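So that you can see what the record holds, here are the features copied from TrEMBL:
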type     : residues : note
ACT_SITE : Asp52    : active site
ACT_SITE : Asp247   : active site
DOMAIN   : 34-378   : domain 'Peptidase A1'
Amino acid sequence: MSSSSVASSSVVNPVVSSSIVLPLYGNVYPVGYYYVQVNIGQPSRPYFLDPDTGSDLTWLQCDAPCVRCTRAPHPFYKPNNDLVPCKDPLCAALHHADYKCESPEQCDYQVDYADGGSSLGVLLNDLFTFNMTSGARIKPHLALGCGYDQLPGQSYHPLDGVLGLGKGKASIVSQLHNKGLVRNVVGHCLSGKGGGFLFFGDEVYDSSRIVWTPMAHDHMKHYSTGSGELIFGGKGTGLKNLFVVFDSGSSFSYLNAHTYQGFISLLKKELNGKPLRETKDDYTLPLCWKGRRPFKTINDVKKYFKHFALSFTNGWKSKAQFEIPPESYLIISSKGSVCLGVLNGTEAGLQNVNLIGDISMQDKMVIYDNERQTIGWSPANCDRPPKSSSMIM
């Protein structure tokens, strides 16, 4: 079957038994982010994108011409003239209900990110090229943003754009699902050694081996498990009712100010009498400790730190625990200090949100099942992307 006939027949006969798996590159430190290569356009060209479960819109830095663009690994995307009209439901999904169409033939957008970054541009359709686990190659027409005015935020990554993996209609997984190509499931496996993989569809894991918890329905925009409790060293901390969001677009994890202070005091109490002292001359992250000699790997220090976890009453019979071992919340800096990869979210402008970022999702498969409205996770080997329908766990 040619790719075009797969794409066109797929709506009639959904190919939902197949998935798309894409390799990830990068790491939490020292690179500071993970990224994925996506091939877009005709002819197809490669672009490095930030896979972001915290937003819906996929956009590329775009030579429309570009008013303000940041440094990128590839030449800016050259737009075609296949504009998404303003009345299209995908356009409506990116705007408030009272949005007025100033130019009916096109859909203007602006996305603002929590770190202060933004992208302004126009929505258009283009061909994306994906290889399915079934062996088929598909080239669906999907909507993406031609971003001609970008402002970098505090956590700026020098990439070609963003791959929006959120819950909304405009996200890539929603668009692929609406064309009958994959189940409305997105997941990732970030390796602590760097790299990993991203997937669309539900074919690369065994559902019975995953810890599942329902998505919170009162937070439609984000992948949230609703209310959680902080567990430290296997014991409850009394830090409860934490609004928790999973966000692959954030390298580090964040706790709101009150929870952060509680967490830090538990951590410091635990480190009392251990051969570590706080250091003020390492600016890698806000809180770092030195040993008697520089540390080389997390293995040198993890014995001094306890596991912590976020526990969710999953509305079912038991509690679902998202375990975070020391290697999923600490980094070894270039100066050989050990630094805390959990930051004060209130100071970072996240208000009351507690955010599970890349550092804490390493060496786990994390799955966002938009059909069953659940989020799941399980320890996994993220070093090798799965081939076809073989499970990796």
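Yeah, the Cβs are placed from backbone N, Cα and C, and that goes for glycine too.
What you are looking at is a predicted structure, and each value in this text was computed from that prediction instead of being measured.
Neighbour counts were taken at the CB atom with a 10 A radius for the active-site residues Asp52, Asp247; the maximum falls on Asp247.
Taking the C-alpha positions, the distance from Asp52 (active site) to Asp247 (active site) comes to 7 Å. Across the domain 'Peptidase A1' (34-378), mean pLDDT in this model comes to 95.
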